[in-house]
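First the structure, in the form of structure tokens, and then the observations on it.
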């Protein structure tokens, strides 16, 4: 039973990822004692700007930038030991204390070289039909987890068990690689040697994360649960099959960190003022004209990990409504509002025409979404700059009207507005921890 009152917040992307979660988690980390990653892998990067300096985090929670905040990688994350240790070294080179403040769940599924080999070979074989994976082994690792053949972090410290499980799983993957995908097999000895070489560096950080999070709650400590990607990429609720391999809705925080659902009191939905998507998949409000190119250029829309250009379009309020319902969102944070500065008019997606009928929420499945024609509502733009504004009343009138219409369409209030990449360029209408 929890002895003291703590407040725990889940931060979720409401679109197809790249909404600006990293900056907001970094800003909110000032109010917490722990930050938790609960799903995904090193396929998605969070970009932070601290005093004008760019930092990209792929696995380690954004709270690592704050002294006194403990960071946790929960069991729902698929973990590449090599990628994690490389990221730690990069942060240490920048002067950050990482290892004493990072805990890794002992039951995280491992990403190993054969997962990467399978991922890349599959995409190469699909050609034009590819989904757009980052090729980092995320999907194949989750497949092993669900098929109950995965190696986990705790197996690194039991070499005999590691060898036994590796032989079984590699027999399967090498058959797929050679007989179906036409690729080269992966050497068991090379996988084992690499894993065993990395294990000692990982060992001091391996913990029972679920129990430690429970202990922090008993002490009344505030926790922040940091989602990766976005709700429309969720393996169940996204535009399937053009999705990621994990559940990235707010409910996944409970299972992916090992905490009870009653521990999650507030869900903050991060929403870009327009919409972007990386890779393949339907995108009803996509702009393939000069306005789309303008959004991409001004918004610097390139993936932080892959460098891939992002497709851009108007904010899809009906897709946002789906995310609001899926996640039980308490309030929204609108990011990159300044990218819309200078547009004479702005369009907002309020629904779709599907087979001649109006629908006010995103349909399920890629085929249905591809058939949906966006219904757009035109709003007046603004000429004034919104960059760096920290008071809502000082926003241009039409910018405020745009935000109010977004809130009306999706049915939840806007609690935060980001007006620039630095953490202090934020308008606070209701603080998730203090409001």
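Start at 1 and count along the chain as shown; that gives each residue its number.
Note: Cβ is positioned from N, Cα and C throughout, glycine not excepted.
Record features, source Swiss-Prot:
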{"type": "BINDING", "residues": "17-23, 45-47, 310, 336-338, 418-420", "note": "GTP binding site"}
{"type": "BINDING", "residues": "18, 45", "note": "Mg(2+) binding site"}
{"type": "BINDING", "residues": "18, 19, 20, 21, 43, 44, 45, 46, 134, 148, 229, 244, 308", "note": "IMP binding site"}
{"type": "ACT_SITE", "residues": "18", "note": "active site, proton acceptor"}
{"type": "ACT_SITE", "residues": "46", "note": "active site, proton donor"}
{"type": "BINDING", "residues": "304, 305, 306, 307, 308, 309, 310", "note": "substrate binding site"}
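Rounded to a whole number, the distance between the Cα atoms of residue 310 (substrate binding site) and residue 45 (Mg(2+) binding site) is 14 Å. In the three-state DSSP scheme, residue 46 (active site, proton donor) falls into the strand class. Taking CA atoms as the reference points, residue 20 (GTP binding site) and residue 43 (IMP binding site) are 16 Å apart.
Between the two most distant C-alpha atoms of the annotated IMP binders (18, 19, 20, 21, 43, 44, 45, 46, 134, 148, 229, 244, 308) there are 34 Å.
Of all the recorded positions listed (46, 310), 46 sits in the most crowded Cβ setting, with the most other Cβ atoms within 10 Å. Here is what falls inside 10 Å of the CA of residue 23 (GTP binding site) among the recorded positions 46, 134, 229, 307, 309: 46.
Look at residue 419 (GTP binding site): DSSP puts it in coil. Put plainly, the binding-site residues 134, 229 were compared by Cβ crowding within 10 Å, and the winner is 229. Between the C-alpha atoms of residue 308 (IMP binding site) and residue 46 (active site, proton donor), the distance comes to 15 Å.
Among the binding-site residues listed (17, 229, 337), 17 has its Cα nearest to the Cα of residue 309 (substrate binding site). Looking at 23, 308, the binding-site residues in this record, the fewest other C-beta atoms within 10 angstroms of the C-beta turn up around 308. In the three-state DSSP scheme, residue 337 (GTP binding site) falls into the helix class.
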